[in-house]
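Enquirer: Below: one structure in structure tokens.
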Amino acid sequence: MKVSLPAFEKAKVLVVGDVMLDRYWTGPTGRISPEAPVPVVKISQIEDRPGGAANVALNVATLGGQVSLAGIVGKDEAADALTTGIQALGVEPKWHCVEGKPTITKLRVMSRNQQLIRLDFEEAYPEDESKALLTLSESALDNVAVVVLSDYAKGAITQPQEFIQKAIAKGVKVLVDPKGSDFSRYRGASLITPNMGEFEEVVGSVSSEAELVEKAQALLSEFDIEAILVTRSEKGMTLITADAPELHIPTVAREVYDVTGAGDTVISALATSLAAGSDLPQACAIANTAAGIVVAKLGTSTVSRIELIRALSVNHGESGFGAVSEDQLAYALEQARLRGERVVMTNGCFDILHAGHVSYLKQARELGDRLIVAVNDDDSVKRLKGEGRPVNQSDRRMAVLAGLASVDWVVPFTEDTPQRIISRLLPDLLVKGGDYKIEDIAGGKEVIAAGGSVKVLGFEDGVSTTSIIENIMANQ
């Protein structure tokens, strides 16, 4: 499926649900407390991020959509911090304030990119407070195209059926990020987005694709829901509707670093895309790409439009693979690193591509997720190899290399050595063929200094460009 991003700035979205504050206390730890067998963390940084439904709204705003956020908060410092955080990014708050209840806060203590403990500050809200919030939210229905119900089972959304009916009657799509085993509460919704665990909590265990589709179709019929998007971790997503074949979308995530807020990212990308005019399959593909980006980040995070553009160009081959310029490659590498991919780089003239080259490049690619081949341009080959070389011009050499399954990117360089371009791109692993010493490999010191590594691979015995040329000349 070719995926195109809509004009997100045209999207008008209302998010209703359980808002919370994600608070991070971060610092180094180097000793154990004398009071108990626990680490001592010396806090050096405190950061507040909008979480729950607030993170959904923040994701919509980061993509460029117009968004309002309705939620329940206490009259406390956490509510003030949450308000400041969302307003700074263009989200309009519509709070229902409750006396004597705290704003839901999740405090995480972090050290060395690891979460040591989480402390939750929350109390359940009475059902009357949920009714008051939904009544407050009805006033915004005339000005939006999509409503998101972000349910974390904290009491903000207890019985939303009447609200859903009013929204649908006004032509507003209602998307639900569900919680719990009672999907009857979301009767009449346009779309629900359970993960696989939430889906199986409702329908029982699922052992095959066919069973997943069958049970999803039954839910659609039972609760008058238009569509279900089941998020399935490493298996991607599956969209089931009543009037079309199921759509399986494979994951684009290469490495999962932190799943905090991933579900928020999915539904916010769906809502923004649909509100901006995308059809449902397109919106699901955009949401899948956004999820692949966010799980490679630490903590509750958002995804920007530019990140989506770069990810889609790389994942769908519109640009970013094959023969590229240095600047194009720099953008592609930035996205690859967001996905947690290990990048390998090698270089050479590759004047007459032979079996030894193919074997060597295959070995190099197997050491990581992506392989860059930097190629000497024609002038540098002539300086290094002498008159009569190269046999093949650089554009032809690059085209042949780019056609190999093992090669992701081919980039030219003009100098006699690739030191400058390696120093700019800084791969995770620099590979060189032959009998080099690691300390003599151009760019090796820079790669190691940046935290990468250098490796020497052997070539096939008796196979070289020089010997091939000599054999050709001898047989003329």
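Even glycines carry a Cβ here, placed using N, Cα and C.
Annotations per Swiss-Prot:
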| type | residues | note |
| --- | --- | --- |
| ACT_SITE | Asp264 | active site |
| BINDING | Asn195, Met196, Gly197, Glu198 | ATP binding site |
| REGION | 1-319 | region 'Ribokinase' |
| REGION | 345-476 | region 'Cytidylyltransferase' |
Enquirer: If you measure Asp264 (active site) to Met196 (ATP binding site) at Cα, how many Å is it?
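Expert: Cα-Cα, rounded: 15 Å.
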Enquirer: Using all protein chains shown, find which of the recorded positions Glu198, Asp264 scores highest when you count other CB atoms within 10 A of its CB.
Expert: Asp264
Enquirer: Let's check the environment of Met196 (ATP binding site): how many other CB atoms sit within 10 Å of its CB?
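Expert: Looking across every protein chain shown, the total is 16.
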Enquirer: In the same chain, outside Asn195, Met196, Gly197, Glu198, whose C-beta lies within 8 angstroms of the Cβ mean position for the ATP site?
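Expert: Apart from the listed residues, the neighbours are Pro194, Phe199, Glu200, Glu201, Val230, Thr231.
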Enquirer: In three-state terms from DSSP, label Met196 (ATP binding site) for me.
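Expert: In the DSSP reduction, Met196 (ATP binding site) maps to helix.
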Enquirer: Quick one: of Asn195, Gly197, which of the binding-site residues has the smallest count of other CB atoms within 10 A?
Expert: Gly197
Enquirer: Check the region 'Ribokinase' (1-319) for me and report the mean pLDDT.
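Expert: Its mean pLDDT is 89.
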